[in-house]
Structures are given as structure tokens and as C-alpha cells.
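Listed in Swiss-Prot for this protein:
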{"type": "MOD_RES", "residues": "ARG10", "note": "omega-N-methylarginine"}
{"type": "MOD_RES", "residues": "ARG42", "note": "asymmetric dimethylarginine"}
{"type": "DOMAIN", "residues": "63-98", "note": "domain 'EF-hand 1'"}
{"type": "BINDING", "residues": "ASP76, ASN78, ASP80, LYS82, GLU87", "note": "Ca(2+) 1 binding site"}
{"type": "DOMAIN", "residues": "99-132", "note": "domain 'EF-hand 2'"}
{"type": "BINDING", "residues": "ASP110, ASP112, THR114, HIS116, GLU121", "note": "Ca(2+) 2 binding site"}
{"type": "COILED", "residues": "173-198", "note": "coiled coil"}
{"type": "DOMAIN", "residues": "289-377", "note": "domain 'ABM'"}
Amino acid sequence: MCERAARLCRAGAHRLLREPPPQGRALGGLLRWVGARMGEPRAPLVPDIPAADPDPGPAAPRGGTAVILDIFRRADKNDDGKLSLEEFQLFFADGVLNEKELEGLFHTIDSDNTNHVDTKELCDYFVEHMGDYEDVLASLETLNHSVLKAMGYTKKVYEGGNNVDQFVTRFLLKETANQIQSLLSSVESAVEAIEEQTSQIRQDHCKPSPGVNESRYGGPTPPYIPNHKLVVPEPVKSLPVAIGEPKEEGLEVQISRLAELIGRLESKTLSFDLQQRLSDEEGTNMYLQLVRQEMAVCPEQLGEFLDSLRQYLRSTAEERNCFHVAAVRMADGLTFVIYEFWETEEEWKRHLQSPVCKAFRHVKVDTLSQPEALSQISVPAAWCTSGRD
């Protein structure tokens with residue numbers, strides 16, 4: 001009897017274990033849990049707010065900043081990390097803004113009133129005024145990096161590639177140059193149009209007058225970097241000023257002193273035969289503009305400077321309104337003086353905006369060891385008509 005009862009108990013237990021739990025009981029428990037949760041007081045929902053970054057880090061630099069900063073570093077001739085008013089005027093003078101306007105711009109950028117503008121402060125000012133040029137300068141940064149990378153690839157192909165690889169690389173290189181040149185031509189056309197307008201403005205406001213003139217002119221950037229400083233050397237300041245119709249005796253004194261001065265500077269006599277272009281009977285201007293540039297060149301940049309100087313002299317000599325141009329190399333081998341005779345001061349200022357003059361200025365920014373000294377003076381045209389000795 002006991003054994004049978006035990007078997008029945010075990011069979012019942014196994015049956016209960018095999019049967020699934022009653023569905024109604026489970027569903028009822030779930031409904032009771034949901035009802036209890038719905039009856040609880042509920043706090044209003046608040047959207048998740050991302051936690052504040054304790055250290056967001058510096059903001060990403062604006063596009064094109066690296067290009068502008070690199071250009072302005074070149075204006076810092078003494079590499080002290082800041083620009084003085086003199087360096088600022090030297091770099092940015094373009095013949096349109098006068099010295100007073102440039103000084104006002106300098107103090108506007110010099111927000112901390114230290115009488116110096118650091119290159120970052122200068123860069124920040126121009127970045128805020130870049131407009132659509134931000135994308136252009138940012139693209140130049142990328143283009144510069146890509147071109148350098150492509151040049152490395154070209155070298156690698158030409159050192160170890162087959163003829164087909166070299167052909168493809170050569171084709172792509174030429175097409176790249178053509179595309180870049182096409183873009184450059186468009187930009188240069190815009191520059192020339194603007195320069196033509198500004199040249200007309202200068203013609204309306206500038207009137208040539210005989211005598212000694214001291215002023216600042218220049219042409220950056222960026223692509224053309226200004227680098228002119230018009231500082232009259234001490235010997236020129238001692239020359240008498242010719243105003244109006246001087247007496248014949250005073251004119252002779254001026255001619256003698258001017259000839260002596262240039263003779264000392266060049267260690268030789270300048271002589272020109274310009275009678276055919278300077279006839280008083282034709283009402284030709286009685287004065288010429290003599291422009292003198294003195295430049296000290298860095299020894300390691302001498303070759304580049306000489307190549308650019310030769311090109312500048314050839315091109316300037318071909319200009320119709322330039323009567324004569326000559327360059328003299330001083331005894332130290334690193335100092336050069338250029339003399340230019342122009343029909344009028346306006347013609348010389350127009351020459352400052354020519355492509356050859358801008359290209360020469362661009363080279364001077366990189367090759368000169370100090371700012372150039374430049375002076376101009378009106379000289380009697382009759383002095384240039386003497387024959388060669």
C-alpha cells in the first residue's frame with residue numbers, strides 16, 4: 001500500500017513538471033503590475049541634456065589662415081614676431097592709401113595700443129574681412145599640399161616607372177599646369193582691371209611738381225607682395241629744391257651737385273644722349289623724374305635676386321616713358337643701386353603697378369636683408385642731353 005502511494009505521488013509530480021504554467025495566471029500577474037505602475041505618481045518628462053564638455057578645446061582655425069599668416073610673417077623683416085608702423089607701411093603701401101590713412105589702419109588693428117601689431121593680430125583682422133576669399137585661400141592650402149604630394153609621386157614614377165607610367169604622369173602634370181595657369185590668368189585679368197581703375201584715380205589726384213619729393217610707395221602680398229620704402233638718403237636732402245623757373249646760376253649749381261653725387265655713388269659718370277626726345281621747341285617737360293633704389297641683398301639669395309634684376313632692367317628699358325635705367329653693384333658685392341629716369345612722376349607711379357615691377361617687388365621681399373631705400377627727385381631735362389664723353 002505504501003509503495004503504491006509513493007508511485008502515484010511521483011507520477012503526479014512528473015506530470016506537473018511537464019505541464020506549461022497556466023497562461024491566465026501569468027497574464028493576470030502582468031496586468032496587476034501594469035496597473036500598479038500606472039497608479040504611481042509620475043514626474044514630468046524632461047528631455048535629456050548632453051553633459052557639458054569640461055574642456056571643449058580651441059576652435060578650429062578659419063580656412064586660409066595659414067596662407068595669410070605665412071604672407072604676413074614675411075613682412076616682419078627683423079623676425080621679432082610683430083610689425084612696427086614703419087614695417088606696416090612698407091608692406092602695405094600701394095600708392096592709393098596715403099601715409100596718414102595707412103597709419104590710421106595700423107592703429108585700428110593695434111587694438112591693445114602697443115604701437116606694434118603682431119602677425120596673429122594682423123591675421124585675425126584680415127580673416128574677419130576675407131569674405132568669399134576664405135574659400136579661395138583654404139583651397140590654396142589644400143592645393144599646395146596636393147601639388148607637393150604629386151611632385152613626390154612624379155619623382156618616384158620617373159625614377160622607377162616604365163615608359164607608359166611616365167607618359168601618363170607627364171600628361172597629368174602638363175594638364176595640371178594648364179588648369180592652374182588658366183585660373184591664374186582669370187585672377188590676373190581682375191587684378192589688371194582694378195589696377196587700371198586705381199591708376200586713373202591716382203592720375204586725378206597726383207600732379208607732378210619739380211623738386212625733391214619724399215613719400216612712401218609700394219605694391220603682400222600675397223600675389224604680389226609690396227616692398228617699397230621711400231627714404232631719401234642724407235646727401236639728397238642737401239640738394240637745393242628747384243621750384244618754378246630758377247635762375248641760370250642756381251640751375252648750374254644743381255646740375256653740378258647732382259652730377260657729383262651720382263658720380264660718388266656709382267664711381268663713374270652717367271651720360272645719356274636724349275636730345276632727340278627732349279626738345280624744348282616741342283614743349284617737352286623741362287624736368288625728368290630721377291628714381292633711385294638702393295638694396296642690400298642676403299648672400300644666400302644673391303642668385304635669385306640677380307636673375308630678377310636682369311629681367312626687370314630689360315623690361316623697364318623697353319617702356320616708352322622710361323628714358324634710361326641703369327644698375328650699379330657696389331664694392332661689397334651685395335648692395336645694388338638702380339637709377340631710373342622717367343618723363344613724369346605719374347609715369348613712374350604707373351610703372352609701379354606693371355606686372356614686371358610687381359614681380360620684382362615679390363622677389364625683393366624674399367631676397368633683401370633690410371628694407372630698400374628709395375628716393376625720387378626732379379632733375380633738369382637739359383642735364384640728360386649732354387653727349388657721351
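Cβ coordinates are placed from backbone N, Cα and C, and glycine is handled just like the others.
Cβ crowding, taken as the number of other Cβ atoms within 10 Å, peaks at GLU121 among the binding-site residues ASP80, GLU121. Per Cα geometry, HIS116 is the residue among the binding-site residues ASP110, ASP112, THR114, HIS116, GLU121 nearest to ASN78 (Ca(2+) 1 binding site). Ranked by how many other Cβ atoms sit within 10 Å of their Cβ, the binding-site residues ASP76, GLU87, ASP110, ASP112 place ASP112 at the bottom. Summed and averaged per residue, pLDDT over the coiled coil (173-198) gives 82. Using CA atoms as reference points, the binding-site residues ASP76, ASP80, LYS82, GLU87 were checked against GLU121 (Ca(2+) 2 binding site), and the closest is LYS82. LYS82 (Ca(2+) 1 binding site) carries a strand DSSP state (E or B).
For LYS82 (Ca(2+) 1 binding site), the nearest neighbour among the binding-site residues ASP110, ASP112, THR114, HIS116, judged by Cα separation, is HIS116.
Rounded to a whole value, the Cα-Cα separation of GLU87 (Ca(2+) 1 binding site) and HIS116 (Ca(2+) 2 binding site) is 10 Å. All protein chains considered, the CB of THR114 (Ca(2+) 2 binding site) has 10 other CB atoms within 10 Å. DSSP gives GLU121 (Ca(2+) 2 binding site) a helix state. Taken residue by residue with DSSP, GLU87 (Ca(2+) 1 binding site) is part of a helix. Remark: HIS116 (Ca(2+) 2 binding site) has LYS82, LEU83, SER84, ASP110 as non-local neighbours, by Cβ distance under 8 Å and separation of at least 6 in sequence.
Within 10 Å of the Cβ of LYS82 (Ca(2+) 1 binding site) there are 18 other Cβ atoms, across all protein chains. Straight-line distance linking the Cα atoms of THR114 (Ca(2+) 2 binding site) and ASP76 (Ca(2+) 1 binding site), rounded to a whole number, equals 16 Å.
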